[in-house]
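What follows is a short report on a single structure.
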Amino acid sequence: AVFPMTLVFFFVSCSCTFVSFSKPPSNPRSRFPRCNLCSVLKVLIKLTMYHVAVKSPHYPDTELFHLRSSRPTSFILLPPRFFFLSSSSGCAIIRPPRDGGIRYRGLTQEQILPVDYEIEYICRGNRVIVGPKVRKCLPNGTWTDIAQNSTCRKSLFFILILIPLPPLPPVLLCSFVLSQISIFSDKPCWDAPKPTCLCECLCHNKKLYIGALFPMSGGWPGGQACMPSAQMALDLVNNRSDILPDYELELIHYDSMCDPGEATKLLYDLLYTEPIKIVLMPGCSGVSTLVAEAARMWNLIVLSYGSSSPALSNRQRFPTFFRTHPSATLHNPTRVRLFQKWKWTRIATIQQTTEVFTSTLDDLEQRTKEAGIEISVRQSFLTDPAVAVKNLKRQDARIIVGLFYETEARKVFCEVFKEKLYGKKYVWFLIGWYADNWFKIKDPAINCTVENMTEAVEGHVTTEIVMLNPETVRGVSNMTSQEFISALMSRLGGMNPEETGGFQEAPLAYDAVWALALALNKTVAPLKAKGRRLEDFNYNNHDITAEIYRALNTSSFEGVSGQVVFDAQGSRMAMTLIEQLQGGSYKKIGYYDSSQKNLSWFGNDVWIGAGPPADRTVVIEEYRFLSQKLFAAVSVFAGLGILFGIVCLTFNIYNGNVRYIQNSQPYLNNMTAVGCMMALAAVFPLGIDGHHVHRSQFPVVCQFRLWLLGLGFSLAYGSMFTKIWWVHTLFTKKDEKKEKKKQHLEPWKLYATVGVLLAIDFLSLMIWQIVDPLHITVEKFTKEAPKEDLDVLIQPLLEHCSSEKMNTWLGVVYGYKGLLLLLGIFLAYETKSVSTEKINDHRAVGMAIYNVAVLCLITAPVTMILSSQQDASFAFASLAIVFSAYITLVVLFVPKMRRLITRGEWQSEQQDTLKTGSSTNNNDEEKSRQLERENRELQKIIQEVKTLYRHIHIIIIIKHVHPNTRRSL
């Protein structure tokens, strides 16, 4: 039987040099090579091995010869299972044959399989089952045909078909090889109406399969342009003789709809449906997260073309993941650099609640914190952004970073239009991989017109990874970026790029296929050195996966998207393009290289207003200063008061030897004058504010206010209080005690009393300044909006002298001083009728105490209430000081001046002694008291005389009346 077949093969090899189908295949490399003598001899050698003749059921005139090769290979299609104990209620899982696996219907992984459960043996693609292929669990706990072994043996099939085709030679011979997936085929090999003779060599290219998930719809329909781009790259790779010459790459793809749930089902189909996929290529971050996390269980490399989630840059979680799309965190350095360029220190964010945007925002928050930029508002939403947008409006967000997919972006900006969160006061930062006309696409989920959307999005800024090489260079595919765009447009069949999802990411998908092809090509030699081949890959082969990983990790080539290099986390490194929507279309305004921290700025940014808006409502801080006219007027009065005090002090010192002045305790009056001048001097620092001195010098001004006013009050009021105190003490006692006390009034006691009051104030002020010193504080008032600019608010500020426990200290001081004032009023009232020459001006002192106490008791609480009104507060405080000082000086000193001037008592005691020849020393007062006693005694004698006179007069009258009347009297 072999000999006639050999003759037929020899005849065909000599007569048929090359025959193909009437419609040639699209891949030139898939054309069959010429049949030559070597091929015939190879066939003959294999024919001498095992053969089986089979009749074709569909073509009775044909004969099918099944020849089996006996060369063993090692291949396991599915992950191997282990032995389990059997049970009477079912069957234990048995070991699969070598170079094969077991298909579990329904993927049951129970230790004991139920009765009637069927398992199917599966061998590697170029091997067949010898023995039972399907076994069924029997009720006795065994499997059908358990005595027969099932093994996998490598097979080679071809068919000799004898077809009479007149007027051609009576017999023509054609041969073909079955696919690696199917063992037997019932279908004819002809795909044309009139088949011609096909001669195929047995040395055709081996296929490597790529499992891809392209989102043709959903949140990001990037597969619309990325799938044609990837297919275009596959065609070019398969046509290259220097890249994978013995292999052909084939793409098996599904629509993931950018939905992780749908992707789970599709991933199951990819993994559990033949053929074996050597690499997975997902798109969308959510889908890639799912695929990359599961892929390591099957030893699969994952190469994504459209995933930007920062969470994917985690080698512990995704050990076999690579992507030609850079991480979304690459946008953040660009955003921070733009914030700094436009001097923004306060931003807001709104995000869709997905992992990619949450992790991106976390990275942005960290970077802004390092740059000193505050994220004041952070809003998120799941499906409806209405509440989040309203919160942005309510919290005065101006610079807003939006992180959401394209479909959600339309919802957001419809709400933005409704809330008027756009215009010259706002800037939105969006992701740059939306379609160019994303805001013009009609969306039934929103109720805004295209005009509304166009108005709302005008002027926003996008940051986008550079996905198309801006330079005109030919990369590894021998194609420039512009040539690639032209070829892609041709494949898209005239579709509008602006309406095609993933058009911007198409170069990344193109370069992803090239990166994979170059990496696989790089692994051929290392695998050959280890005795392995790429077609030997299975889901349990770590060595081949490691070689592919190593090749991808060291990839570096020029693609249509730029230089393709992966970092340690498998992410693409690239530059960032900055664009702005101007007049409804995007304009490039700059590039940023985060690795070099270099910003290339074109200077063509356009703003709705005069320039970049402020990051918040512009608040102009405006300090409220004291009215200079008021300050000048009060200062004049204070200055005149100081001059008047100097005059009074000079007068009192000059006439200190005059008896009248001496009887008024001139040293206490001098203290009063000095205290009044110090209080008047406190008016000047009281009116000094930031208009006159620098902010750093203001605490010194606060100290001057406190010490001048405190010590001035102690001297002025303390000296008057001392006088009235001693007058009350000495001259309001009983007569028996008066004589003794009147003889012991000494000047040092008066001075000691003033010293005690002064020491109390000094110590209290010193403790205050040591424990809680005064410092400047700024009071903020309600913002005021000027009429000329609605985007500017005035923030009024007022400087105060304060301390941490200001109220406590003021309470102590006001309480102590208030008691002194009240006590002074009481003493002045008690001594109003006392007359003494020792302190001859105590009535004037009492009048001064009345005025000072009333003014201080009224002014102190009023100034505290009016502390936020600088003019009113200063007016009350300063005028109270001025009036108190003026009243005190006038009441104490003007009467003395008037008396000395009108009576001419300008001479000293010695001059008066020379003129009169009498001595007027301190004994005069004793003499005066003696005269007073004598006078009182005389008054008593006179009174007794008057009484005696009245008695005598009565007796005389009685003697002159009638006896009867006299008897009755």
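Backbone N, Cα and C atoms are what each Cβ position is placed from, and that goes for glycine too.
The signal peptide feature in TrEMBL is assigned to 1-22. Residues annotated as transmembrane segment in TrEMBL: 630-655, 667-686, 706-727, 748-771, 808-829, 849-868, 874-894. Residues or ranges marked as domain 'G-protein coupled receptors family 3 profile' by TrEMBL: 637-916. Residues or ranges marked as region 'Disordered' in TrEMBL: 911-933. Per TrEMBL, compositional bias 'Polar residues' is recorded for 911-922.
Note on the domain 'G-protein coupled receptors family 3 profile' (637-916): mean pLDDT across this stretch is 78. Stretch with the largest number of CB pairs closer than 8 A to the transmembrane segment (808-829), among 630-655, 667-686, 706-727, 748-771: 706-727. Tertiary proximity for the transmembrane segment (706-727) is limited to same-chain residues at least six positions away from its ends with a CB under 8 Å from its CB atoms, namely 665, 668-669, 671-672, 674-682, 685-686, 745, 749-750, 753-754, 757-758, 760-762, 765, 768-769, 774, 801, 813, 817, 820-821, 823-824, 827-828, 831, 834, 836, 839, 841-842, 845-846, 848-849, 852, 881, 885, 888, 892. Long-range contacts of the transmembrane segment (748-771) within the same chain, counting only residues at least 6 positions beyond its ends with a Cβ under 8 Å from a Cβ of the stretch, are 665, 667-668, 671, 703, 706-707, 710-711, 713-715, 718-719, 721-723, 725-726, 803, 809, 812-813, 816, 820.
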